[in-house]
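> The structure that follows is given in the form of structure tokens.
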């Protein structure tokens, strides 16, 4: 008689099988964040319009999504699926607009970390659905998240403003680079107030909301991809008048009407920032059970940002950045975690999954 296989062996084999997917997830997020840094440098150096840049990237992305998914073929989509996807396109257009403006004004580190502000939906779900037992814990997580964003706005992740670099690094000679080696083309980041962080924080909440709606509407993987093509196309249509207005006002105010162009800035954001990131996040959710607003996802993004901050020679403080990420990760963990004493076969650790379990119908 064969002895039962130990549970630890099953977990080890499962982790081994998921190793290639985890590598794909890390590489995909690195390429996506790399495209964000390229976009930031392009916007700062050229002064181009954010709305026009986003539209020029979403237009070919929507065409590629439509060509790959062909939502008009196969089983016909019902109005209960198409209409919420179009509404989700409006939310996506608002997200990209506010995210781009936040990137140009706050810099890559603050904007990318503010994307995790969608974890506040966990506090909202606990308040609306009477989870009083965990409400105070979630409120504490929300306070920790706001503290992290406040420290980021005060420049704790920047080498010229971080108290760690000011007090210790100059004496211990632990600076990653000296001020004389600052990239002349890099935009100097400044100390901001919390009101300046509102735009990227709202963009992060909208990003989480659009993922919740997409997950509620699409029950199957193939259906999710077809509806995502409709969502991106809808967002492109809603951004068209904004882009045309920026193009007209920009061309009349400048002496030259020629739009500066960078193949890498546009191409990388189209391929990595819009298209690839969708499939990478889908793999992470379906196979790795890792959603965006989670500490594990933050850990991957934080490692990628450290590499790119050093590569681009940005105004960066490693101790301050790690402190902000630790506080933010703790806040996300407390704000989104469900009752861990009732772990079942399927465990969700995100506010997006918590709101996904709501039984109320979507507006159509």
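Each Cβ is built from the backbone N, Cα and C atoms, and glycine gets one as well.
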> If TrEMBL is the reference, give me the range from 159-179, 264-284 marked as transmembrane segment.
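Per TrEMBL, the stretch marked transmembrane segment is 264-284.
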> Out of 226-244, 245-263, which range is noted as transmembrane segment by TrEMBL?
226-244
> Checking feature assignment: transmembrane segment per TrEMBL, candidates 112-130, 340-358. Which range matches?
112-130
> Other than its close neighbours in sequence, what residues sit by the transmembrane segment (264-284), given a CB gap under 8 Å and a spacing of at least six beyond its ends?
21, 24-25, 28-29, 31-32, 34-36, 38-39, 41-42, 53, 56-58, 60-61, 64-65, 221, 224-225, 228, 232, 290-292, 297
> For the transmembrane segment (139-157), name the stretch out of 81-100, 197-214, 226-244, 296-314, 320-338 with the most CB-CB pairs under 8 Å.
320-338
> Look over the recorded stretches 50-69, 81-100, 197-214, 296-314 and say which has the most C-beta pairs under 8 A to the transmembrane segment (320-338).
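Selected stretch: 296-314, with the most Cβ pairs under 8 Å.
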> Taking 50-69, 197-214, 296-314 as candidates, which has the most Cβ pairs under 8 Å with the transmembrane segment (226-244)?
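Counting Cβ pairs under 8 Å, the winner is 50-69.
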> Between the stretches 50-69, 81-100, 296-314, which one has more Cβ pairs under 8 Å with the transmembrane segment (197-214) than any other?
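Ranked by Cβ pairs under 8 Å, first place goes to 81-100.
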